[in-house]
Amino acid sequence: MKTLQAAFFLVAFVPLVKPAPPIQQDSPKFYEYVDADFATGSLIQQDYEMLPKDTIKDGTNVSLDTALRLQADDSELSARPTKDTNLPTCLLCVCLSGSVYCEEIDIEAVPPLPKETAYLYARFNKIKRIAVSDFADITTLRRIDFSGNMIEEIEDGAFSKLLLLEELSLAENRLVKLPVLPPKLTTFNANQNRIKSRGIKNNAFKKLTNLAYLYLGHNALESVPLNLPESLRILHLQHNNITTINDDTFCKSNNTRYIRTRMDEIRMEGNPILLAKHVNAFSCLRTLPVGTYY
């Protein structure tokens, strides 16, 4: 009898009992960031979601303001220039392999230059003054072009530390006198200024033993500069107020055999002088100056 009851129980209730489903384990999550911006946004979002509930209460007002304030503080710190940074100048100008191009950007002063700058092009701006401090720490310069500015003053010694400087252009400015020039200069251009003879010292060019090209046209010179170096090849003095030349201007009156072998070109047109009256002044030259003879 008991055996029949047990069999009946198994037949009636076993089909109703089902095995428990297998436990599903969460698969690991993988985050793939397509780019840096997306990654940054995800990280910020995670930080926001991990804030305490009382901080996120009232939604965007508290947390967003805080986030923006913190972001602004970080931006201010990162943008604040340090003493040695070159970023401001190279954002304003173009810096490329030792060359700095600051042309036609209306700057009014020489910008701080990156160290190791060799070539500076700052043409057609509004620079009025060159100070000693502008190049105090930049001794690697080889070429400077300040053409087309408004330069009226150059402090004494502004170029004194530029011992490697070979080319300097101050053309189309408002200079009335010349600064002391660095010793290795090969090319100097001061065309179209307001320079008078008293604005050039007697020995301004004497020690420039590498100077080959000297451009002083369209100024207010009354005479040819003295003590021109033997290295000179091209001399432009056109359109000044030169009225006289003596026998020692280009030659040596006490040495009739002296010849200026390197001088190839002298331009003196546009001056109130008849060159034919001073033929002895050109006896050492291989070619006569360009200008009015009769």
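Placement of Cβ uses the backbone N, Cα and C atoms for every residue, glycine included.
Annotated signal peptide per Swiss-Prot: 1-19, in sequence order.
Look at Swiss-Prot and you will find Asn61 (among others) tagged as N-linked glycosylation site, backed by sequence analysis.
Look at Swiss-Prot and you will find 108-127 tagged as repeat 'LRR 1'. Helix, strand and coil counts under DSSP for the repeat 'LRR 1' (108-127) come to 0 helix, 3 strand, 17 coil.
Look at Swiss-Prot and you will find 128-151 tagged as repeat 'LRR 2'. Counting residues 6+ beyond its ends, the repeat 'LRR 2' (128-151) has Cβ neighbours under 8 Å at 98, 108-110, 113, 115-122, 157-175, 179, 189 in the same chain.
For 152-175, the entry in Swiss-Prot reads repeat 'LRR 3'. Computed over the repeat 'LRR 3' (152-175), the whole-number mean pLDDT of the model equals 97.
Residue counts for the repeat 'LRR 4' (176-195) under DSSP, split into helix (H, G, I), strand (E, B) and coil, are 0 helix, 3 strand, 17 coil. Residues or ranges marked as repeat 'LRR 4' in Swiss-Prot: 176-195.
Taken from Swiss-Prot, the feature repeat 'LRR 5' covers 196-221. Long-range Cβ contacts of the repeat 'LRR 5' (196-221) within its own chain (Cβ-Cβ under 8 Å, at least 6 residues beyond either end) map to 166, 171, 175-178, 180-181, 183-190, 227-242, 262, 267.
As annotated by Swiss-Prot, repeat 'LRR 6' applies to 222-242. Counting residues of the repeat 'LRR 6' (222-242) by DSSP class, helix then strand then coil, yields 0 helix, 3 strand, 18 coil.
Asn241 (N-linked glycosylation site) is surrounded by 15 other CB atoms, counting those within 10 A of its CB over all protein chains shown. The feature N-linked glycosylation site is assigned by Swiss-Prot to Asn241 (among others).
Taken from Swiss-Prot, the feature repeat 'LRR 7' applies to 243-273. Within the chain, the repeat 'LRR 7' (243-273) has long-range Cβ neighbours (under 8 A, six or more residues past its boundaries) at 212, 217, 222-224, 226, 228, 230-237, 280-287, 289-292.
What Swiss-Prot records for Cys251-Cys284 is disulfide bond. Counting only same-chain residues six or more apart in sequence, the Cβ atoms lying under 8 angstroms from the Cβ of Cys251 (disulfide bond) belong to Tyr258, Arg260, Asn280, Ala281, Phe282, Ser283, Cys284, Leu285.
Annotation for Asn254 (N-linked glycosylation site): no same-chain Cβ neighbours under 8 Å separated by at least 6 residues are found. Annotation source Swiss-Prot lists N-linked glycosylation site at Asn254 (among others).
In the repeat 'LRR 7' (243-273), the DSSP tally of helix, strand and coil residues is 0 helix, 3 strand, 28 coil.
Taking H, G and I as helix, E and B as strand and the rest as coil, DSSP gives the repeat 'LRR 2' (128-151) the counts 4 helix, 5 strand, 15 coil. The number of other CB atoms found within 10 A of the CB of Cys284 (disulfide bond), across every protein chain shown, is 19. Long-range contacts of the repeat 'LRR 1' (108-127) within the same chain, counting only residues at least 6 positions beyond its ends with a Cβ under 8 Å from a Cβ of the stretch, are 86, 88-90, 92-93, 95, 98-102, 134-135, 137-138, 140-151.
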